[in-house]
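Here the structure comes first, spelled out in structure tokens, and everything after it is commentary.
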Amino acid sequence: MTEHVVPSDAARELFGETLPVAQRYAELLADVGVARGLIGPREVPRLWERHLMNCAVVEELIPKGADVIDLGSGAGLPGVVLAILRPDLSVTLLEPLLRRTVFLNECVELLRLDNVRVYRGRAEEVHAKLRADIVTARAVAPLPKLIGWALPLLRKGGSLLALKGERAEAELEEARHELARQRPNIADVIRVGGGKVDPATTVVRVTVTTALETGTKAAPSRSPRKPGGRKKRGRKR
């Protein structure tokens, strides 16, 4: 299927000198990713516009040299894309499923991404171990649940960047109660990549304004995972 993975002129301009690495990643998604059920075959013709470029424009919101955790990384969207486009970032791909972490490790090795590590686990299992300036998430969970998983991973002043669709504003309203239960934060909906991608990428940004006090447990999600399995959420990853 790799013959269908041809970057547009807009993609060439956006990725610039990192395009060859991005092209190789797109080919891995179209070939190995499809074969292992990590991405649907119907997505291959639109890998660049709907997936890689949609993720890439989020880099506008990430400060230079930031530590990034890509929560529920799946096949590496957006974490691998951001690591390719921004070598200054230190990216942790956090993913609980073995078959996905195997693929992610293969990508990191084949693409020679020295700024990436793959960590197998669930967000709630690593709240005491990992911290970042930015947590990204795409097609992982409804916003109220995602907030409970992501915010404890953030340093003071850090932001959750949740890539969402047309219901972004509605999801944010539905998450107001959960936001109030967490440490102080500021939440908004922004659109990035105007003029580069059409439509622009919609992001719910939640920035925490205080540090998580030492010895203080983060407020748990109102909808915790059930023991013994991971409930399927959103699109197939």
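In case you wondered, yes, glycine gets a Cβ from its N, Cα and C as well.
The structure displayed is predicted, hence computed values, not measured ones.
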Quiz prompt | Residue from Arg50, Arg99, Arg112, Arg138 that Swiss-Prot also lists as binding S-adenosyl-L-methionine with Gly72, Leu77, Ala123, Glu124 | solution = Arg138
Quiz item: In sequence order, which residues at least six apart in the same chain have a CB under 8 Å from the CB of Leu77 (S-adenosyl-L-methionine binding site)?
Solution: His51, Leu52, Cys55, Arg138
Quiz item: Between Gly72, Ala123, Glu124, Arg138, which of the binding-site residues has the fewest other CB atoms within 10 angstroms in the structure shown?
Solution: Glu124
